[in-house]
Amino acid sequence: MDFLDEPFPDVGTYEDFHTIDWLREKSRDTDRHRKITSKSKESIWEFIKSLLDAWSGWVVMLLIGLLAGTLAGVIDLAVDWMTDLKEGVCLSAFWYSHEQCCWTSNETTFEDRDKCPLWQKWSELLVSQSEGASAYILNYLMYILWALLFAFLAVSLVRVFAPYACGSGIPEIKTILSGFIIRGYLGKWTLLIKTVTLVLVVSSGLSLGKEGPLVHVACCCGNFFSSLFSKYSKNEGKRREVLSAAAAAGVSVAFGAPIGGVLFSLEEVSYYFPLKTLWRSFFAALVAAFTLRSINPFGNSRLVLFYVEYHTPWRRKTTRLGKYPVLEVIVVTAITAIIAYPNPYTRQSTSELISELFNDCGALESSQLCDYINDPNMTRPVDDIPDRPAGVGVYTAMWQLALALIFKIVITIFTFGMKIPSGLFIPSMAVGAMAGRMVGIGVEQLAYHHHDWIIFRNWCRPGADCVTPGLYAMVGAAACLGGVTRMTVSLVVIMFELTGGLEYIVPLMAAAVTSKWVADAFGKEGIYEAHIHLNGYPFLDVKDEFTHRTLATDVMRPRRGEPPLSVLTQDSMTVEDVETLIKETDYNGFPVVVSRDSERLIGFAQRRELILAIKNARQRQEGIVSNSIMYFTEEPPELPANSPHPLKLRRILNLSPFTVTDHTPMETVVDIFRKLGLRQCLVTRSGRLLGIITKKDVLRHMAQMANQDPESIMFN
């Protein structure tokens, strides 16, 4: 009897920090589906079970969309309240933000819509003063103290309960979707702590965004719900289809851009994206966006206040301050709060800043950016305001924006890599929007004062509105973000979904393409890829080109001077021999050959499954001892009469391992690893085993050919 006829626990699973076998997972799912289809013809109950299995994917997508949208709404509401808490409190209900508090007041006027008796700053509440130096200093100190408290709570929670909750999450998710295993990265504790600490760090005023972390949060939701269905929990390949859709839902609620979310998942994070995943991603993104709209966190039936922030962290490997993560967060938060408070463009939340920079100046705008000198003789309608000379407020805003721009660039570099949830979308877009708005105002004033110049003559008439500074800010934000992430199509779609500026899709496309060209001139890696390489994850990017003329024999192991390849024979090794081999090596699997003399390849056995099979055989099968012969053939070998019972392990043997010849070009081998998601392939000549090439060997060889450190690839 073959005891493997009955399944035993943990077969087919993978160890932490290892890569899955995509071909094997695909084959297992095909076998499962074939079995369900066959059984569905036996009875009504089996037919109903097959229907439930077919619809389980859509149920998971529905649940992901509902939970991701709900969490995003809660995060938005909490951030809005806690950000305003640094400046004051609502007397009628302390859980109201400044805007919500003034909504409920009957004494608020249009001119003073940001002031209402129910909302009091800390100086008014504590010392009954709203103006003067003492009031300013007290508000300043309270702003700093609240920021430090929020940041300290966030870094403490991450450090103690969920270290994987730090950073953006997208580089790791991209690596996981390529087939890498990181246990706990998408776990329930990570979901809880990331959600709570994301509120804290965004409210603290640090130069970071919540969009990237929201993708991580949505993928945690996807991992949780996929674990409830055996179709996904027992197949790592199918699980990654769910995670791809969850990533789309995360971007959908982060930007209010369901179509952009699907394209982002397809363009940026997913490694394997079949057509049915496209449909399900769109469904999950749609449900998530609808759920967020139902919660209506901003009170305007829009999905975002103007939260255009996405994330990607730059991580530092070693810094003196980085050895003390809590102290690092406190110091950076203190510096940020101290410098940010005096400047109104750094004091306000980054999302509000971007919203103000994108806005066009209408007749009802009260921003300094709209302080133009009005012509009293102007009789044009309100919605057709012509270009006008800049007033004192605009010039004041220009130098404040210039200081804010320098501050944002510098502080963002130091903020990312800290042990807190952090995204790069909003800081990147803020930097681009500030630069774009300043350029836009400059061009606007040039056009007003020099409308007869050749560059303005054809479309700028005196008294006409020919330059829109808000559009320059929008294009600048897209360009900066595109340069950081190298996004193109998904970036443009996210931007026009976010702003509603579909008519501006041409300048957005031009900005995205130009920024990618310019950024590629400095290096081909986007921030996600750079982060992946910095952490040493075994990610084989489909965008990388391999043009070197090397062969499989140049990369395979063992090389000259190295010990021979560790192999198993089909019917001549004992259980003790195999256990010794497993104990003395750390390989993920072993080729199985006819004999050591012939080296004729039979198949490939995974290390983990060998360990589990031997362990379970000793427990469940009588007569299995250390000197029992292990065999991988259909029939047991001829043994003496007094020999112990042999152990048959043919069921765990992969009889069709992927093989290449020793003269296969490495360009072809790299392409095979990319498109099939292989963990390893065996190198043969005329059916005789010569060596093995693993994914790590391929990555090291590519790094070596690119004059990089091959030892930077740290994981299997």
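Each position is counted from 1, following the chain as shown.
From the backbone N, Cα and C atoms, a Cβ is placed for every residue, glycine too.
Taken verbatim from TrEMBL:
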- 55-79: transmembrane segment (TRANSMEM)
- 136-155: transmembrane segment (TRANSMEM)
- 214-230: transmembrane segment (TRANSMEM)
- 242-266: transmembrane segment (TRANSMEM)
- 278-295: transmembrane segment (TRANSMEM)
- 324-341: transmembrane segment (TRANSMEM)
- 397-417: transmembrane segment (TRANSMEM)
- 424-443: transmembrane segment (TRANSMEM)
- 471-496: transmembrane segment (TRANSMEM)
- 556-622: domain 'CBS' (DOMAIN)
- 653-711: domain 'CBS' (DOMAIN)
Quiz item: What counts of helix, strand and coil residues does DSSP assign across the domain 'CBS' (556-622)?
Solution: 24 helix, 17 strand, 26 coil
Self-check item: Distal contacts, the transmembrane segment (55-79) - CB-CB under 8 A, six or more residues away
Solution: 195, 198-199, 202-203, 210, 214, 217-218, 221-222, 225-226, 228-229, 231-232, 241-242, 245-246, 249-250, 252-254, 276, 280, 283-292, 294-298, 305, 307, 349
Quiz item: Can you find at least 3 Cβ pairs under 8 Å between the transmembrane segment (214-230) and the transmembrane segment (136-155), where each pair is 6 or more residues apart in sequence?
Solution: no
Quiz item: Where among 136-155, 397-417, 471-496 do we find the most Cβ pairs under 8 Å to the transmembrane segment (424-443)?
Solution: 471-496
Quiz item: With pairs closer than 6 in sequence left out, are the transmembrane segment (324-341) and the transmembrane segment (136-155) joined by 3 or more CB pairs under 8 Å?
Solution: yes
Exercise. Examine the transmembrane segment (242-266) against the transmembrane segment (397-417) and state whether at least 3 Cβ pairs sit under 8 A, considering only residue pairs 6 or more apart.
Key: no
Self-check item: Other parts of the chain folded back onto the transmembrane segment (324-341), taken as Cβ under 8 Å at six or more residues beyond its ends
Solution: 140, 143-144, 147-148, 150-152, 154-156, 159, 204-207, 347, 407, 411, 414-415, 418-420
Exercise. Check the domain 'CBS' (653-711) for me and report the mean pLDDT.
Key: 91
Exercise. For the transmembrane segment (397-417), could you work out the same-chain residues 6 or more beyond its ends whose Cβ comes under 8 Å from its Cβ atoms?
Key: 167, 206-208, 313-316, 322, 332, 335-336, 339-340, 343-346, 353, 367-369, 371, 424, 427-428, 430-431, 434-435, 437-438, 441
Exercise. Take the domain 'CBS' (653-711) and count its residues per DSSP category (helix H/G/I, strand E/B, coil), listing them in that order.
Key: 24 helix, 19 strand, 16 coil
